[in-house]
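Reviewing the structure listed below.
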Amino acid sequence: MSIPTGPWQSPAPAPSSWQQGQFSAPAPVVIDRRPGAVASFFFIGSWLALLWLLEGVDAVTGGALDTFGVSPRDVTELPQILSAPFLHFGFNHLIANSVPFLVLGVLVRMTGRRDFWVATLCSIVVSGLVAWLVSAPYTVTAGASGLIFGWLGFLLVRGLFARNWVQILVSAAVFGFFGGMLWGVFPTMPGVSWQAHLGGVLGGVLAAWWLTRRGRGAATVLR
């Protein structure tokens, strides 16, 4: 048996992405499974049932929950921008909000869980902040309409930002049924918080813009 005496060479390693200086971690893949219509209806319907339950408690307690609405420019009550959308000033107020809350909420929920929560939180926070900053002194703002206007704004511009024809058609349909609500962002009716409505629309548009931009950035990385 002969033993080679020349310089020993290891076989060249197979090309690998793990070689030093060449490793690139795979881009994370996030799967946001879109809830179906039935699941979305059940979720938003349950949320709406909670609003009715809270209004029942408010009625029994003589309006005690209304104090958790938004009081303008009171720093100690700023966190109440998160509780205000769950409260209403009487059942007539809640009845007026129930149908658009259910329909628009289901449509936004069907766009995906992540999109739903981003749109919802942006709408609630921006709506509450605008009401807190701009509302007349010695007033209290409450109701789900700020959130509803946020969902409306999100659905109206989402297709335009995404440049998706299906979403644009959805936006057109939503505008056809609910576009008249946009008059609510103007100070035309006494006792109605146009400030919360305007803030809600701004929050919904902001959410749609951010989600679209984030989606395009992820697509660029994956290329």
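From the backbone N, Cα and C atoms, a Cβ is placed for every residue, glycine too.
Record features (TrEMBL):
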{"type": "DOMAIN", "residues": "77-213", "note": "domain 'Peptidase S54 rhomboid'"}
{"type": "REGION", "residues": "1-20", "note": "region 'Disordered'"}
{"type": "TRANSMEM", "residues": "36-54", "note": "transmembrane segment"}
{"type": "TRANSMEM", "residues": "86-108", "note": "transmembrane segment"}
{"type": "TRANSMEM", "residues": "115-134", "note": "transmembrane segment"}
{"type": "TRANSMEM", "residues": "140-161", "note": "transmembrane segment"}
{"type": "TRANSMEM", "residues": "168-186", "note": "transmembrane segment"}
{"type": "TRANSMEM", "residues": "192-211", "note": "transmembrane segment"}
Cβ-Cβ under 8 Å with the transmembrane segment (115-134): same-chain residues at least 6 beyond its ends: 32, 70-74, 78, 80-82, 84-85, 108-109, 141, 146-147, 149-151, 153-154, 193, 195-200, 202-204, 206-208, 210-211
Within-chain partners of the transmembrane segment (140-161) [C-beta distance under 8 Å, separation at least 6 from its ends]: 51, 66-72, 84-89, 93, 97, 100-101, 104-105, 107-108, 111, 119-120, 122-124, 126-128, 131, 167-171, 174-175, 178-179, 181-182, 184-185, 193, 195-205, 207-209, 211-212
Local confidence of the prediction over the domain 'Peptidase S54 rhomboid' (77-213), expressed as mean pLDDT: 96
Residues of the parent chain within Cβ reach of the transmembrane segment (36-54), under 8 Å, 6 or more residues beyond its termini: 65, 86-88, 94, 98, 101-102, 105-106, 109-110, 144
Long-range neighbours of the transmembrane segment (168-186), counting only residues six or more past its ends (CB under 8 A): 100, 103-104, 107, 145, 148-149, 152, 155-160, 192, 194, 197-198, 201
Structural state census, the domain 'Peptidase S54 rhomboid' (77-213) (DSSP three-state): 108 helix, 1 strand, 28 coil
